[in-house]
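Q: Pasting the feature list from TrEMBL:
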DOMAIN    B:6-100  domain 'Sulphur oxidation protein SoxZ'
Amino acid sequence: MTTTSGPLATRRLILQGAASVALLGLGNLPFAPAHAAANDKYPEEAFKQKNEADAIKALYGRNAEPSDKVKLDAPEIAENGGVVPVSVTTTLDKVSSISFFVAENPFALAATYKFAEGTIPGVANRLKMAKTTKLVAIVEADGKLYSATKEVKVTVGGCGG
Amino acid sequence: MASSIRVRATSNGDITEVQALIQHPMDTGLVKDPKGEVIPAHYIQQLTFECNGKDVFVADWGTAVSKDPYVKFSFKGAKKGDDLKISWTDNKGASDTTTAKIA
């Protein structure tokens, strides 16, 4: 693996650099909403965690309880792991965020969405999955965490050749 | 250059449904090109939807979001003709912004 250690090390440096200049970067953006900076910082650390439990801890700092009020919709079998349509809806009130974790990916946290008051708690997106994996959706509602889990079989992985 | 963001925002009574499609490679930094060189990570980190001066929906993305990302959500409190501003920034500091009228 000597061939990849160079680029990987560089990438780590870039990521570390990115963390420290993240706020600066937002500040430079002429169209960035002024109120977005403090509260909506990009969760750099959480996106770097390799397994799902660490990622959840880094993002939320606590564990979620399974709930049937969280409805996770994903295909049983995904033919193309590069594009897997995934969506979450919930009947919970006061939802402030929804996150997706793909357990078998190199980095578990795939996406996290923040909801303002008045935004319907639900989101649909498309994720990459490296191989057959457990997919976890976490809904943060009224300060509590609720989760739903689904197994997705991937026949062709989403990480290229 | 045309905007990298395509948005459809449709109002249905009180609820506005938003669908956005963004052109972006979303490279993970883990894939090698045919020459065996690693393609550096290049992905959107934050995507913001703003309506009437308020962030209604903010997406923080990692590398596991598919190429040319798609996202769909709905929100209340806007009406036909209101502006919806969408902006993204990626890990290389690039960004794009567009404004869509809610139809």
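Cβ from N, Cα, C; glycine included.
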Q: What is the number of residues in the domain 'Sulphur oxidation protein SoxZ' (B:6-100) that are helix, strand and coil, as DSSP sees it?
A: 0 helix, 57 strand, 38 coil
Q: Restricting attention to the domain 'Sulphur oxidation protein SoxZ' (B:6-100), give the mean pLDDT.
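A: Taking every residue in the domain 'Sulphur oxidation protein SoxZ' (B:6-100) and averaging pLDDT yields 94.
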